[in-house]
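**Student:** Not my notes, these are from Swiss-Prot:
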BINDING   Gly17, Ala18, Gly19, Ala20, Ala21, Gly22  FAD binding site
BINDING   Gly211, Asn212, Phe213, Ala214, Ser215, Gly216  NADP(+) binding site
Amino acid sequence: MAPAPSPINSQHVAVIGAGAAGLVAARELRREGHTVVVLDREKQVGGLWVYTPETESDELGLDPTRPIVHSSVYKSLRTNLPRECMGYKDFPFVPRGDDPSRDSRRYPSHREVLAYLQDFATEFNIEEMIRFETEVLRVEPVNGKWRVQSKTGGGFSNDEIYDAVVMCCGHFAEPNIAQIPGIESWPGRQTHSHSYRVPDPFKDEVVVVIGNFASGADISRDISKVAKEVHIASRASKSNTFEKRPVPNNNLWMHSEIDTAHEDGTIVFKNGKVVHADTIVHCTGYKYYFPFLETNNYMRVDDNRVEPLYKHIFPPALAPGLSFIGLPAMGLQFYMFEVQSKWVAAVLSGRVTLPSVDEMMDDLKLSYETQEALGIPKRYTHKLGKSQCEYLDWIADLCGFPHVEHWRDQEVTRGYQRLGNQPETFRDEWDDDDLMEEAYEDFARLNLINFHPSRFLESGR
């Protein structure tokens, strides 16, 4: 996989989505010399970070014909990780002290993340490449090129041919629903975190929240402010778990998984506890879903594994004309988007070559066999966990990009440890000022900020 000889080839590329992945993909593709068109159905950049109070009429997302609301952001959402490790490599996510309307907290709100993405788009003139209010209807291979059919908000249709398509459309819109024995006869209401915005609808209810990571931890505590009782069912908990959690209203309990649901409205947990619940909130993640993508049955999503996909990016027989940015689940999301985009851009230009189709398929076969031997379920194929930095550094070496910084890696590790150990307070109480200082000193050394790090470090929480 050595660098290929010149000349550099300029491709006509469609990027699907103008969220955090699509924005940096567009920048990297243009930097590499490609012509780029970004297609996005919304009126502004930001993707899932654009908050809307609207939710889908089908709260479980079971109706394939439903109008889809792509945002999953709830009103009280703050980031799960420190801001300094979230940003792109050369555009740090630092406080904007010159603007009093901005959120300078280390774990800021979703509004601040959106503002950061808007700043990024402005800084690199990305909006000039974007067609807003454009819904992609179909993407398919045609004679070695890619046909993209779309329609605008005004009803105009487009049928265009591109050299390549980069999929940056996210994977937080198709809810994954827990399978519970007896749920079909249970009379209560069910919803998914995708449709959660504010706690008000749960006032005085007994609520069961399934899942206790990130959104589950947040939403259960948000609901506890108004609910009568909140009971969290967690697959990670031992079977006999029954623990009261410290929240102001003293009304939050942690359980093991749900065992059964019953027509009398009761929910039975595997710890033997029984509650009569009004609502179940599924905080159980999302499915990968690409309804407009036609690959002549070459690709599929099987048990939430997108396959075949070399290094989570390239479908071997369709590469490099089709690629995916942002599929792996990891802490360093924006950074990953940037590194993956650099690789895609370099491959499309011919500056970096991919292995042969057979070599990529052999690599995938070995990867899947290793995963199975380790007992890792297929549905976790795109969850990189502790191997995320190894993955990113491997791609970085291909593109001549620096490895993940020590402070960035450790902020993610320690940040998630705090989330698990102190879910009520982790955003405002931390013990890694050394890493934060290292990050800001790094930004200053690279001339990425125009103020001394102490200005923020001494400002407190």
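Numbers run from 1 along the shown chain.
The backbone N, Cα and C atoms fix where each Cβ goes, glycine too.
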**Student:** Between the Cα atoms of Asn212 (NADP(+) binding site) and Gly22 (FAD binding site), find the distance and write it as a whole number of Å.
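**Tutor:** Distance (Cα to Cα, whole Å): 29 Å.
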**Student:** Under a three-state reading of DSSP, tell me whether Ala21 (FAD binding site) is helix, strand or coil.
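**Tutor:** Once the DSSP labels are grouped into three classes, Ala21 (FAD binding site) ends up as helix.
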**Student:** Which residues, same chain and not among Gly17, Ala18, Gly19, Ala20, Ala21, Gly22, have a CB within 8 angstroms of the centroid of the CB atoms at the recorded FAD site?
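**Tutor:** Not counting the recorded site residues, we get Val15, Leu23, Val24, Ala25, Asp40, Val45, Gly47, Cys168, Cys169, Gly170, Gly326, Phe337.
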**Student:** By a simple count of other Cβ atoms within 10 Å, which of Ala18, Ala20, Ala21, Ala214, the binding-site residues in the record, is least packed?
**Tutor:** Ala214
**Student:** Around the recorded NADP(+) site, report the further residues of that chain (criterion: Cβ within 8 Å of the mean position of the Cβ atoms of Gly211, Asn212, Phe213, Ala214, Ser215, Gly216; site residues excluded), sequence-ordered.
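**Tutor:** Everything else in range on the chain: Ser193, Ala217, Asp218, Ile219, Cys283.
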**Student:** Given a separation of at least six residues and a C-beta threshold under 8 Å, show me what packs close to Ser215 (NADP(+) binding site) in the same chain.
**Tutor:** Ser72, Tyr74, Ser193, Tyr196, Cys283
**Student:** Based on Cα distances to Gly22 (FAD binding site), point out the closest of the binding-site residues Gly211, Phe213, Ala214, Gly216.
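**Tutor:** Minimum Cα distance from Gly22 (FAD binding site) across Gly211, Phe213, Ala214, Gly216 lands on Ala214.
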**Student:** Tell me the Cα distance separating Gly17 (FAD binding site) from Gly216 (NADP(+) binding site), rounded to the nearest angstrom.
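**Tutor:** A Cα-Cα distance of 26 Å.
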